[in-house]
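Step one of this worksheet: look at the structure below.
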Amino acid sequence: MFSMKQNCWFIRKVVIWRAVASIAWSVLLLPITTAVFVLLSRFSLFHPIQWISDCTNLLTASSTIFSLMVLCAVVLITGFFNLEFYTLVPSIPCSRVALLGTVLHPLQCVHSLVYSSMGMLVMWCASVIISGRYSTLGTPCMQNESGDVLTCLNEYHLFLLLAGAFMGYSHSFLGVVKNMYYVSFQPIQQYKYPQFKGCLPMLLKCSVIQSLYSTRNFAALYFFFGYVPRAWISSTLNLPIDSSLQPLDSLTGLLDFSLLYHLSISGTFLYFTWYLTVLIFRIYATEAYSFPVQSTFSEDAERCLPKVVGEKSTLVMKFLALQDLALLSQHSPSRRQEVFSLSQPGGHPHNWNAISGECLCLLRDLTQRLVAHQDAVASNGRVKSQSASSDTRSASSSSSVLSGMEDVPETPRPTVPLRTPGSVFKSSVGGMHSSLTAPFTPDVDSPFCSPAIRRLVGQQDPQSPWFGTVQSPHIMRRGPKLWSASTESQSNGSPPASPAIAPSPPAANKKPSFLAQWLQNRKEQVKSFLAKRVLIVYLFNKLPEASSQALFADSQAHIWALQGLSHLVAASFSEDQFGVVQTTLPSILSSLVVLLEAVDRHFKLPHASSKPARTVCSMGDSTYKTLRFALRAALKTAIYKITTTFGEHLNAVNISTEHRKRLQQFLEFKE
């Protein structure tokens, strides 16, 4: 979320001004879209001269100018919502009840109410522009009894207003369901105008399709429930209903070609106005920004790339810094020299240490998340049979991953991993039933857990070495060995690690009280009762691909880190005059191989390698669904980039035997 409350120089001087520029362009393009709407609303095939004359007079009318001012206010509010609600990491609910909770969130309810109101305003402007029978809410009518001319309710105008409210709510609802507030970065950088020109046909197509869907749905809804708002408006405003006209909540009233045509083009105009604002904001927000690598003045050090790339609070600045790092490593030899340079005085590679340290921190964070997810799934017995029938490398993958984690040195400064969506991770540590693993595996104590999983898990012996917070032998193996701690610490130059503390034996079981036992029995009865309800199981079951998509929701940052590291390491083979990259080359290679092992193991899990289904044209960006495939491709490309550049020189790098064997496969182009 690009919050305006963040006190950051990048938000004040870059993001807000980009949002203002996008809103300005949306307002400037509004007269053009309004003119096209006027031409379509007054279209007459058999009277072209009168059609053009009427459109010209209507465009210069005071009612049209006032409607245009109202539409400008709607665009301003839409631009503010874009700035306030858009995010770089999509929120992916892992169950239907989580999605329902997101839709019913109070902030989302306010958002839906505002968009419904704006939809009514846009439809009011459209009805004023179309004029004729849609112009006002009250229309003169003749009563049969007295013959007096009275003001009756204009149901056509009411129909358009209610349709605008329905379309506004649909837009807000689809913004949550289809992640319309997710801003993704294009893999190929383009200037703003070619990017806008290329997206314009898709924008028009999505507007037309969504308008037709909304017209169909609203017509069906009004057919069944249209009498309710009509009677309420009639009694509230004291506007009688003209009995001589056919009501619109009937088949005869709805099968009006002129009404459906004007509703469709008005809906297209509404969606196109909003989608255009969204598109321009995305183009401006994802525009590349060049950060200086180093600065002569100390007050500008906070704005340099080595400092900005480790930013935690302002996510948009961190993403643009990683994007700049990826572009720098590929297309800017002069800036690469600044990365490889040494500080004066002192001669320390501070720039390279900060950049490489943050990139390695991102990769290690992703590796730890993948290992935790795999251990949680394996502990529940989901993939044990699959792992047994896999290839021979799966038996040594865990040891390879863990040995790689031991080989990778920790960065000297404290780092915080990149935040993932709140529906996936709420804490960085936890056991089997913690919030870290909860979205990926069902709770064994849950009433919705199958009996087969309970039998596979079983009860843990309190005297077992796996009792407590330890969940798998992988985590135990990552602990220091008592007989090798001193030798390893001497060879690594680090102080000896303290041995793992054995879990204390549990206290003697006390007999629960009668009240506690009664409450526990009632709780089990409620669980068993709810577990038999089909609707409850349907709402609380995990969505098959959501866990994998949520795990890689922020992988765009990792892709840029992989690209930046690999190209910088490859360029250092001929450009690094001081050899600053050679000191961290073993850590980089180990981190890449460890991450590759974890990614390969993840793609062996159910639903992890399945391709997402193609969706109907929508403004909701679905590129996050394929980020795991893009990450795997970027990871293998990064390793190939390094191995093909260094070749047999990698044999002199101090890495483990398992990692050397895996790199040999890349050298032989067998991956």
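Going from the start of the chain as shown, residues are counted 1 onward.
Backbone N, Cα and C atoms are what each Cβ position is placed from, and that goes for glycine too.
Fair warning: this is a prediction, and the values are worked out from it, not measured in the lab.
Positions annotated as compositional bias 'Low complexity' by Swiss-Prot: 385-403.
The compositional bias 'Pro residues' annotation in Swiss-Prot covers 496-506.
Summarising the annotation, Swiss-Prot assigns region 'Disordered' to 378-420 (among others).
Per Swiss-Prot, region 'Disordered' is recorded for 480-508 (among others).
The annotation topological domain 'Cytoplasmic' is assigned in Swiss-Prot to 1-19 (among others).
The topological domain 'Perinuclear space' annotation in Swiss-Prot covers 41-64 (among others) and is backed by sequence analysis. For the topological domain 'Perinuclear space' (41-64), DSSP puts the residue distribution at 16 helix, 0 strand, 8 coil.
Here Swiss-Prot flags 86-109 (among others) as topological domain 'Cytoplasmic'.
Residues belonging to the topological domain 'Perinuclear space' (131-156) score a mean pLDDT of 81 in the model. Per Swiss-Prot, the feature topological domain 'Perinuclear space' maps to 131-156 (among others).
The topological domain 'Cytoplasmic' annotation in Swiss-Prot covers 178-220 (among others).
Residues or ranges marked as topological domain 'Perinuclear space' by Swiss-Prot on the basis of sequence analysis: 242-260 (among others). In the topological domain 'Perinuclear space' (242-260), helix, strand and coil residues by DSSP number 8 helix, 0 strand, 11 coil.
Residues annotated as topological domain 'Cytoplasmic' in Swiss-Prot: 282-671 (among others).
What Swiss-Prot records for 20-40 (among others) is transmembrane segment, and it gives sequence analysis as the kind of evidence. Same-chain residues lying 6 or more positions outside the transmembrane segment (20-40) and placing a CB less than 8 Å from one of its CB atoms are 51, 55, 58-59, 64, 67-68, 71-72, 75-76, 78-79, 82, 126, 129, 265-266, 269, 272-273, 276-277, 280-281, 283-285.
Annotation source Swiss-Prot lists transmembrane segment at 65-85 (among others).
The transmembrane segment feature in Swiss-Prot is assigned to 110-130 (among others); the stated evidence is sequence analysis. Sequence-distant contacts of the transmembrane segment (110-130) (same chain, six or more residues past either end, CB-CB distance under 8 Å): 34, 37-38, 41-42, 58, 63-64, 66-68, 70-71, 73-74, 77-78, 81, 85, 157, 160-161, 163-169, 171-173, 175, 262, 266, 269-270, 273.
Annotation source Swiss-Prot lists transmembrane segment at 157-177 (among others).
The transmembrane segment feature in Swiss-Prot is assigned to 221-241 (among others); the stated evidence is sequence analysis.
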Problem set entry | Structural state census, the topological domain 'Cytoplasmic' (86-109) (DSSP three-state) | 12 helix, 2 strand, 10 coil
Seminar exercise, completed: Reduced to three DSSP states, the topological domain 'Perinuclear space' (131-156) has 5 helix, 10 strand, 11 coil
